[in-house]
Amino acid sequence: MATDYSKNAVERPEPFKAEVKGSIPTWLQGILLRNGPGIFSVGDTSYNHWFDGMAIMHSFAFKDGEMTHRSRFLRSDTYKANMEANRIIVSEMGTMAYPDPSKNFIVKAITFLNHTVPDFTDNGASNFMKYGNDYYATSETNYIRKIDPVTLETQDKVDYMKYLAVNLASSHPHYDKEGNAYNIGTSIAEKGKTKYILFKVPAVSEKDKGKNFPALKNVEVVCTVPCRSLLTPSYYHSFGMTDNYFIFIEQPFKLDIVKMATAYMRGVNWASCLKFCPEENTLIHLIDRKTGKEVETKFYTGAMVVYHHVNAFEDNGHVIFDVIAYNDNSLYDMFYLSKLRENSGFHDEGYSKPSYRRFAIPIHSDKGIAIGEDLVKLKYTTASAVKEKEGKLMVQAEVLLEGFELPRINYDFNSKRHRFVYGNCVEESALAKQIAKFDTETKEMVCWTEDNCWPSEPVFVPRPNGESEDDGVVLVSVINSNPGQPCFMLILDGRTFKEVARAYVNTELHKDVHGFFIPQGN
């Protein structure tokens, strides 16, 4: 039984108490938010791409061994405009929206201008993030939408451009123990320069407590990295962070700005302006968090496409970072709705399998080292960094695992050496039938799967004062396509990966993208 990925979701804003089988640990107190596309057609118009769908947010609230579920569409300006017009009138990355043929010339001219200098959507259907004390639904445009994490009501629209010159920003920030958030954005052709900006959104200070303005108001630029090609900045979805460094991968998967400006006129979508250049190397930037300066050495590796960083840490004069990497950019094409309908996403001929890769970068200078010598001196990885010439190192990853995506770790181990990673097994297609716990030391993997069940990205929640890295639970929302059976939230023991409980929600769940757990009292 396959699921229909283009079917419009139905929201259920009223809290519903789930029926629990097994027992939810009483220490699990808090809310798991999950986000993803939920509306794929409006009136007679439809989106072409799954990522374009209008956001539906799900909340799974855990308290005293019980779970309550609710869902709500994000009331973005995009949602309101489309619903009011009863057709899709706001363009998304994979779907260009054209005005109603009956509309007059003025409307058409304004629409055209809006697409030459794209005023992007505020349809935040990718993830949630926390800036200060506020939670936001986010995609990768300059707009984020504040939400109430309890009721899922949509609140203020916040434009990065008011505080920072970024047209695009990642939806995977990092957080430190003090509650500061770090993120990266792209500034397109500002004062004739295209650059990447790493920025910090500070935690709310004592003097600002209780004041009602976005934490972005206090944003600090940590560092700017010039783009290696002015009109074709690299696409990225996440970045890495250790105690002392940021890792930014400038990959040969690029956004062609000139093509984007003319896409509407040419009758093509913005996604067609993304190009992969397999003949080019990938440039790895290592940035000192304290000074905001780039490490002088240039680190290169072969062409690859990375969406998700797993984790990064420092060890014995090296920065080690783990990513999920592809050999090409075909993943995006897998999610065109026509493609998903065609083969339900399975056994896809063109599917490029992701691999879990570990890179090791020596921080110390390569002066006095012979050309051709490997500078990596760690016993536990075969990753290498070979000197090509003064100031230039070619790095090669160790492949730890094939066919693994949507990686999550115990975030308390972010920036530290981790051992366990939870994720989706995507051996044959981009759609997962099973989830797994992977041990990076023993290379062993334990899986959970059930017939006709489609699990989401797994989210690890550590037990308060837990005794080990994997002491906690893994939360997975599961689409159940067995006839007459409800969808459920699956709760697995983080150590054994055995089921401890499932909570039936008695409503349809949908394939989603990312989740965010908010512990109670946070």
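Each residue, glycine too, has its Cβ placed from N, Cα and C.
Quick look at what TrEMBL lists:
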BINDING   His172, His237, His308, His514  Fe cation binding site
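In the structure as shown, the Cβ atom of His514 (Fe cation binding site) sits within 10 Å of 22 other Cβ atoms. For the recorded Fe cation site, residues His172, His237, His308, His514 set the reference point as the centre of their Cβ atoms, and the other residues of that chain within 8 Å of it by Cβ are Ser126, Asn127, Ser170, Ser171, Ser238, Tyr307, His309. Cβ neighbour density within 10 Å is lowest for His237 among the binding-site residues His172, His237, His308.
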